[in-house]
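Visitor: I have a structure here, written as structure tokens, and I will follow up with some questions on it.
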């Protein structure tokens, strides 16, 4: 929790410094490159603090099967910049890979070898909807002297069974990795038996392998990690997204705006045109000073997060900068409030500032990260990359 506290303190300090620098710029009329470097990081810090690990987790030293799987899933779902692909078939906004906690070998019976794998499930707080649950496992194991054919099934301690069904009749399908791996859907099992429980739960699966040749006993499992033979995938959709408000005005306000718009065109056209011309002449060209989108890129290494964020290596939030003139052009898509604020500034009280240049449209970013407990998480964060700007 120390790292999480430090991140929160850094976020607050950065926010205070950003506001102080902004105030100084407004008074002195000077630009600051350092300010531009700080400002785009604020949204990402706020979003990722929720997923930040407590104790310094590290990236896996070896490129294991679980990490390979998630990297392939990420490659198919997002491009190298972290932008979600339009044709992605993942069907969810978040995928968590859960590694097994236990690796208990059961006495073998004949040619059968059994392991009980336990997968921890977090409490269901209603923030995310479980879309799908699958287990990815190796259905062919090639050891030093043995070839094994394997499959998985639910394990119930009170009702053990002596029946070892063949893997030919299961509902598994090929996984994203090699042909030695399969993926089996267990959504119904997880939803019915585990998902409605509020506390911590353990999903136990029985990993069963049949020898293809006569061999010794359990020594064939030595050196085989449980994470190398199976892992759990949980697919979620976010259920607490903000509700978009309808864009309309009361009828009286619409009439007021139409009347004021007509007055502006007839009574103040000359004054406004002169002001726009003077403003354009004062600065080095309206194209360079009017509200517009500016590219900006920062690496997660610069933020000190590269030890737990796997992909993408860079974040391109972009930012909006420029002057919002008294005549708001149509391309800015300014809201009705900005038009009213402009009217107040012109006709009522000039102490009310004109609208500011801010992002208008955003696109999400897909992030692949390692959680504190060692799970690997793919998650799409909405509203992370500015795509266009507006005055409001």
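Backbone N, Cα and C define each Cβ position, glycine as well.
Source: prediction; values computed, not measured.
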Visitor: Can you check which of 225, 273, 375 Swiss-Prot annotates as phosphoserine?
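Guide: 273, according to Swiss-Prot.
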Visitor: Pick from 144, 224, 277: which one does Swiss-Prot list as O-linked glycosylation site?
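Guide: Matching 144, 224, 277 against Swiss-Prot annotations yields 277.
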Visitor: Please name the residue among the disulfide-bonded residues 324, 357 whose C-beta has the most neighbouring C-beta atoms within 10 angstroms.
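Guide: Of the disulfide-bonded residues 324, 357, the highest Cβ count within 10 Å belongs to 324.
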Visitor: Name the residue among the disulfide-bonded residues 320, 389 whose Cβ has the smallest number of other Cβ atoms within 10 Å.
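Guide: Minimum Cβ neighbour count within 10 Å, taken over the disulfide-bonded residues 320, 389, occurs at 320.
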Visitor: Out of 147, 320, 391, the recorded positions in the record, which is closest to residue 87 (N-linked glycosylation site) when you go by Cα distance?
Guide: 320
Visitor: In whole Å, note down how far the CA of residue 237 (N-linked glycosylation site) lies from the CA of residue 373 (N-linked glycosylation site).
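Guide: Checking the Cα atoms of residue 373 (N-linked glycosylation site) and residue 237 (N-linked glycosylation site) gives a distance of 21 Å.
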Visitor: Measuring Cα to Cα, tell me the gap between residue 147 (N-linked glycosylation site) and residue 237 (N-linked glycosylation site) in whole angstrom.
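Guide: About 39 Å separates the two Cα atoms.
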